[in-house]
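Student: Supplied in structure tokens, the structure appears directly below.
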Amino acid sequence: MNRFKTSKFKNTTPRIAKKDEWISDVSAGSFSSQGNRIKASSKLVAFNTDQAGGGLVGLTSVTPGSNGQRTVAQISCHADLVTDMDFSPFDAGLLATCSADEMVKLWHLCDPEQEQPSSPEVTLRPGQGRLELLHFHPTSSGLLAVGAARSPLIWDTSRQDAPLAALEQHGDQLHSLSWKQDGSLLASSSKDKMLRVFDPRAQLTPVQSAKSLQNNKDSRILWAKDDLLVTTGFDMMRGREVRLWDSRKLSSSVNSVSLSSSSGIVIPLFDEDTGLLLLSGMGDSGIDCFEVSSSEPFLSQVSHCLTDNSTRGVAMVPKTALDVMSCEVMRVLQLTNSCIVPISYQVPRKHSGQEFHEDLYPDTVGTTPAMSAEEWWQGGNQQVEKVSLHPDKRPKPAAKQTPGKKESDQPRGCSTSSSPLTTPSSSSSAAPSRSPSSTSGLSSGFVPSPSQSSKNIQSLLGTASKFRHIQGVVMHRDTHITNIRNLNLTTPGECDGFCVNSQRVAVPLAISGGQIAVFERSEPGRLPDTALPTIQNSVNVADMCWDPFDPHTLAVAGEDAKIRVWRVPKGGLKETITDPELIVQGHTEKIYSIKYHPLASGLLVSSSYDLTVRLWNLETGEQVRLLTGHQDQVFGMAWSPDGKLLATVCKDGKVRIYDPRKSTAPVQEGAGPEGHRGARVVWVCEGKYLLVSGFDSRSERGVYLFSAEALSSGPIASTFVNVSPSTLIPFYDPDTRVVILTGKGDTRVYVYELVPEDPYFIECSSFNSSEPHKGLVFLPKTECNVRDVEIAVGLMLTKTSIEPVAFRVPRVKKEFFQDDVYTDTAVWWEPALAASAWLSGSNGQHRKISLKPKDMTPVSEAPKEAPVRKYLPSSVYLEEKTDEQKKDEVSRSLCGPVAHL
């Protein structure tokens, strides 16, 4: 466009959708991040929410359903704030997210009405701190630009171990990144006021750079047409402005326009086909539209749209989703605090709605990648093939996508057989500069490296788990205990937060005197607003646990280094109890945790800040053993299944095994998790292994498996979960070898099946709660409903309620007892021997019982169904008659006339 030529888009008019077309059920919130807060593909819309500290991403559809409404779903993506997200230009269902938890995750999303995947397809761990930005490459599949604190990274997502390139460090915080439309260059803006243009394949330093920004406040950069760059930011007087730059000469801008005064950064969106630039300020209630030209006047204002709500984020819908018959040339989605508002930009034309106006719609970029990430890295410059927007020329969406063919523009289902991150021509090519990660998962559909293919395929075929599709379900509200008040939410990290047995629940309260509420599980419902009878422990509670052999006995460790043993009357607390049955004292400092012995009655172990572990005989009230050797805080303790050994994990980085009856020093010792935030330990696989949850040196939560016979050899396997401050608390079911992990304050519960051979950890479906829970403690196996194939039932503590959660295995023949799931279980509620007998050297074991109800038949004995004939004779399909039918007809025809006479 020039000053003498009239633009066809000069009269482009914004039209705000009617309120009944807005997307409601949105809670956007306000976060500090560099992303646009909302992104759209041709089918899906993803946006930030204020749930779970910003770790959840909202999901809805671009177009409403048949009822005119849109479903809004939520996905638990990260343990911390989701700072940015981007949809793949080649797959409408592939979303990349990055977070303050220092990870990038790639998700294959379904339609919002369907159940979303519980785990990402790929996880990248750059290890450079909080991540702020990410952008898919415009021409190559599986290529990402990731913005860390000060450095842009170029990442081939099919090779997860390291980036292809780590570009030059910026002098200060990275504000924004943008790929040029042809994919050759990457531009950045930074708090150091510099604009930089990188050619990542040529050099790690910028090919163009200049200190051009006037203010170090937030800025954005975006490629416009040809070699032009658009930046938004603040001038020297802190007024907002938009500038146009020639990327070949960044020392001075080509043009600039001052915008309305406000403190919110202006988000730019550019449409290459029309040359229209949209500018929306964070916190503003208006959106400006400019037309960009490569000659004067460069920036010409087209419209100003005044909206009803303040902007929290803004996204542009891809061209393939526009209503071209209505002359819609752009559509943006304005994210507000409580809704998403679609705004359509239309060019007024005669016969709008009846004719396709080709002059408004040049061929646009298609959805088939021009090349793979490897081909681009090796110097390829192929461009994405353009497609027509004419309704009659658009390809019909395929009913089923075949690997190796053109990728569909529809969101993929929850399981895929092909990946948009690789192209058929590149799936077997070698890496140009990096070796692939040995931990990449095949379940994602991402093509592995040739060196790993056979191993991963073998792993895939050999590690199927019957618990893979386990489902966590919050039970009916009638089973909840609600209206809990004054809950203590600051229990020590070594405490589970509360404790349960088959009859009752003990919960510490934030009331002076270390009070503990006890609720009967047989009396669910809403608690009265009046004061409840409690156990008055006198001092704050450090840890507590029920006697496994007596549901009325509760041991409580206090901050005064004493252990008090309380007796709860039959039927529950009817009045406040102030006098314990027993007080044992020996520790010189605050106690960390306490554990009852699994086999011997009246035997309790405790750990303390005095760096000792002490064994108590509660039958006599005496200390019977004092275990030494810890150099720092003891994070966790666990008895072996046979009750002979005690394992501990310590802040000094060591895992230790004690035989308390033979020695006060550890009999084995090995290096544990590197992190010092916290850890837990539990015996697994018939006591042959130790499972330790903890943190690595980068504060990432992980789970480590040790051989109990060779602690000094270190972990034989490990798997990492995410970055979060709370320690993963493991629950292990010895009957199924399933371990369930979650941390206090988490919304996600992780499930793994453990096997005593490679790969050791088999990940199963996880469970997501609607809000962060304060603890999850499991009930005895006998509380599971075998008719619903429940393998574990836990109680989830929230701010005001206790909610049962059942973990069920989906089965078809639920009328039969699933004897492949339910092995005989230990009668753990009966002691195998007394404390004195154990101390004198005796051992015992629990007897076992079957969980099978008398009226159920084992599924292994179920009658086999008679085979059903699947195919009828061909004569039925061909409508031909058999020889017998033909003879019968001839006979009837001959006899017919005779009968008539």
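Keep in mind that glycine also has a Cβ here, set from the backbone N, Cα and C atoms.
Since the structure is predicted, the reported quantities are computational estimates derived from the model, not experimental observations.
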Student: Looking at the ranges 5-27, 120-142, 350-372, 879-901, which is given as region 'Disordered' in TrEMBL?
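Tutor: Within the set 5-27, 120-142, 350-372, 879-901, TrEMBL attaches region 'Disordered' to 879-901.
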Student: Excluding the flanking five residues on each side, which residues at least 6 beyond the ends of the repeat 'WD' (167-199) place their CB within less than 8 Å of a CB in that stretch?
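Tutor: Distant contacts of the repeat 'WD' (167-199): 34, 132-133, 135, 137-140, 145, 147-154, 205-216, 218-223, 229, 231, 233, 245, 247, 250, 272, 365, 376, 381, 383.
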Student: For the repeat 'WD' (584-626), DSSP counts of helix, strand and coil?
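Tutor: Going through the repeat 'WD' (584-626) residue by residue, I get 0 helix, 26 strand, 17 coil.
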Student: What is the average pLDDT across the repeat 'WD' (627-659)?
Tutor: 94
